[in-house]
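Let me begin by presenting the structure, written as structure tokens, before commenting on it.
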Amino acid sequence: MATTTPADLIAPLAEALSFDDVVATRYGHSSGQYDGTIDGEFVWGKGKARAVRQWAQDHQVELDESYAYSDSYYDVPLLSIVANPRAVNPDPRMFAQATIRRWPVMHFDVPPGVPKFAGIEPQRLLLMLAQPQIFPWVRFGIDGLENLPTDGPAILVGNHRSYFDPLAISFLLARRGRPARFLGKKEVFDAPLVGDVVTALGGIRVDRGTGSDAPLRAAEDALAAGEMVALMPQGTIPRGPAFFNPELQGRWGAVRLAQATGAPIIPIGLWGTEQVWPRSSRFPDVTQVLRPPKVSITVGAPVELGTDDVDSETKRVMSAISALLPEESRSQRPPSQDDLARTYPGGVVPDDVEWASDHETVRRPGTD
């Protein structure tokens with residue numbers, strides 16, 4: 001530990017934390033009293049760097065193989081003498097220096113890969129901007145906002161109808177003034193530029209089909225820190241006839257998270273997002289300013305889990321989401337060719353729609 005704090009004051013803390021040694025300012029004393037002098041370097045700024053360099057020389061420590069961590073601009077000289085400097089929760093001037101020098105920046109209050117600007121992470125900045133005026137081509141309707149917790153961990157689960165769904169949930173979060181960590185498929189994180197943005201917003205990468213528990217562990221860490229986690233249990237936007245199936249199928253992730261952490265599951269029903277950004281389109285339709293489609297966002301009460309059976313509890317969660325959707329969502333109707341086209345990338349409907357529909361059910365059985 002290297003600190004400006006007087007050695008006599010910091011020594012008990014260093015011992016309690018099991019530091020090997022302390023490089024600290026040593027006050028001169030005589031006859032059992034401090035005499036107002038400094039014994040050696042005043043361990044601050046360049047003086048701290050000199051003191052650490054001397055300590056390293058005395059203890060045969062190679063600085064070109066060492067790490068140094070600090071949050072303060074005044075420790076730039078110290079970080080400059082080691083091979084592996086790290087700016088930790090840096091003050092604005094240290095952040096600027098780290099950016100210029102390309103030093104890694106670490107924030108312990110946000111996930112890895114999430115930067116902060118003037119102490120604010122990007123998602124919070126975007127939430128400040130998520131106002132109706134930013135979306136003149138959408139008319140939002142929100143019900144049940146009181147069911148969204150104002151603090152503490154929560155697992156937000158919504159149905160998946162459109163690429164616009166995460167933006168709709170973000171608009172909801174802005175009304176509460178709270179960010180959430182979104183779980184997203186690896187294809188999003190691998191996309192040029194988009195992947196960097198999603199990472200900076202605190203997204204959690206999910207490699208589907210690998211069986212990895214890493215996404216759940218990352219989500220558990222976020223919940224343990226009192227954050228909210230958002231995911232779409234369906235995993236992806238259903239294609240073809242499956243899109244119009246009144247019975248929503250979901251994966252186990254949300255239930256497993258709730259069982260592991262005790263965090264409440266908050267269901268969210270989304271309706272109308274496909275009118276803004278259907279799967280067949282690469283971009284949202286921002287031309288509907290005169291007659292914007294309505295996007296309904298309904299937040300339900302927490303889902304009470306009753307058993308340890310993840311399959312039955314997942315069905316309970318999906319039923320809770322379905323109950324928040326309008327009545328028309330629960331009526332079975334044969335989709336038109338145009339309706340089907342809007343559910344496929346590029347609007348291309350497969351020749352054998354029935355086979356594709358069966359494949360969709362097998363691909364997303366709700367049990368992985």
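Each residue, glycine too, has its Cβ placed from N, Cα and C.
Predicted automatically and left uncurated, TrEMBL annotations should be read as such.
Annotation comment: TrEMBL describes 356-368 as compositional bias 'Basic and acidic residues'.
Per-residue confidence over the domain 'Phospholipid/glycerol acyltransferase' (154-273) averages out at a pLDDT of 90. For 154-273, the entry in TrEMBL reads domain 'Phospholipid/glycerol acyltransferase'.
If you look up TrEMBL, you'll see 327-368 marked as region 'Disordered'.
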*asked:* From the DSSP assignment alone, can you count helix, strand and coil residues within the domain 'Phospholipid/glycerol acyltransferase' (154-273)?
replied: 50 helix, 25 strand, 45 coil
